[in-house]
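Residues or ranges marked as transmembrane segment in TrEMBL: 12-32, 44-62, 82-102, 123-149, 171-190, 202-226. Residues or ranges marked as domain 'Rhodopsin' in TrEMBL: 28-263. Taken from TrEMBL, the feature region 'Disordered' applies to 291-313. Per TrEMBL, compositional bias 'Polar residues' is recorded for 291-312.
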Amino acid sequence: MGDPGSWQYYNHATSIAITVLGVFFVGLRFLSRHLGHVPLGTEDVLILIALVNLFVVFAINIEMVEHGLGLHQSIVSDADIVIINKLLLCMECFYCTSIVFVKTSILTMYHRIFIDRATRIGAYILGFITISWAISIIFACIFQCTPVARAWDKSIPGHCINLKGSFIGNAVPNIVTDIAILTLPVSRVWRIQASLSERLSIISIFLLGAYVIFASIYRFVTLFGVDFEDMTYTLARTNAWCVVEVSSGIISACLPTLRPLIRTLFPGLLKSSPSTSEHIFRRQDDSTITNPASTAWNHNKTSDHIQPSQSDLETDADEYPLNRIKVQEDISWDIRSLHSRHTHSQGV
């Protein structure tokens, strides 16, 4: 590929388009929550914080372009290079923070949906790894040089770490955790006693956001083209893909929540196949397997600790079609009417 002379238009167009898409999908997420009568949860708050961080990353990137990012360093003033270096340090910190909020939003959603111990422990471990990764990168960015000011003003005597090597090394665990988070629920869903088509349908919903892995990998590839002798020019693509990766992560986290919206717009598109089971159970929040036919249950024998809650009585509004999973594991259910259950509770 020949030298385009400037990456500024590419940077502007790419970052603006993907940021608008991120805002659009967050809007769809909350519209879907409203249509499905689903109360906002912790994962929704986290995705809003991630969106705010995306705005900051986007704004820093645009400001860097205004000071010469995307142009060859030979035609960028020394004063602008200092400003670009300062903004780069800030952008890396907010980029990492954005990634943390996106991933913890997804993991929080897993924690709400799945009640099995293995999935929840996996979510905690991946959350800990993600937060630790971000803290270590932010620390490395702030203290990349001794003295710290040498990070943006190379005329100051001192020494710095290999920043390109640091960027490349830090991108690897980011990609690995992307893959781990997206595939975390797959094994659990695969073990559910449901038809193959039902299991594949649910797994496909969890994997809707797999394209964020492509964004992470492509950004990783662009890092190899960064040359700090011509940093203002060679860093422009990577900067744009930082914005792409954050916004793609937000979109990835929003896609599985759009089921109520899609079902409203296209009623026949997500219609589940008829169940052959007499009782069809659903999962809602932590407590969660119940019968939508206004029945209550007692849990007699199972390895999971399941407790009924009032939220179980709501209409099917969850983002995942878990309401169509037939309970066929080693569980026995004592079904009785809600009226009898409430009468007994009042008597006690």
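Cβ from N, Cα, C; glycine included.
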Quick test of the contact rule: Cβ under 8 Å, at least six residues beyond the ends. What residues does that give for the transmembrane segment (123-149)?
89, 92-93, 96-97, 99-100, 103-104, 107-108, 110-111, 156, 158-161, 163, 166, 170, 173-174, 177, 180-181, 184
Do any residues of this chain, six or more beyond the ends of the transmembrane segment (202-226), have a C-beta under 8 angstroms from a C-beta of it, and if so which?
164, 167-168, 171-172, 174-175, 178-179, 182-183, 185-186, 189-190, 192, 234-235, 237-238, 241-242, 244-245, 248-249, 251-253, 255-256, 259, 319-322, 325
Which sequence positions outside the transmembrane segment (44-62), separated from its termini by at least 6 residues, show Cβ-Cβ distances below 8 Å to it?
11-12, 15-16, 19, 22-23, 26, 29-30, 33, 69, 87, 90-91, 94-95, 97-98, 101-102, 104-105, 108, 239-240, 242-243, 246-247, 249-250, 253-254
Could you give the mean pLDDT over the domain 'Rhodopsin' (28-263), rounded to a whole number?
92
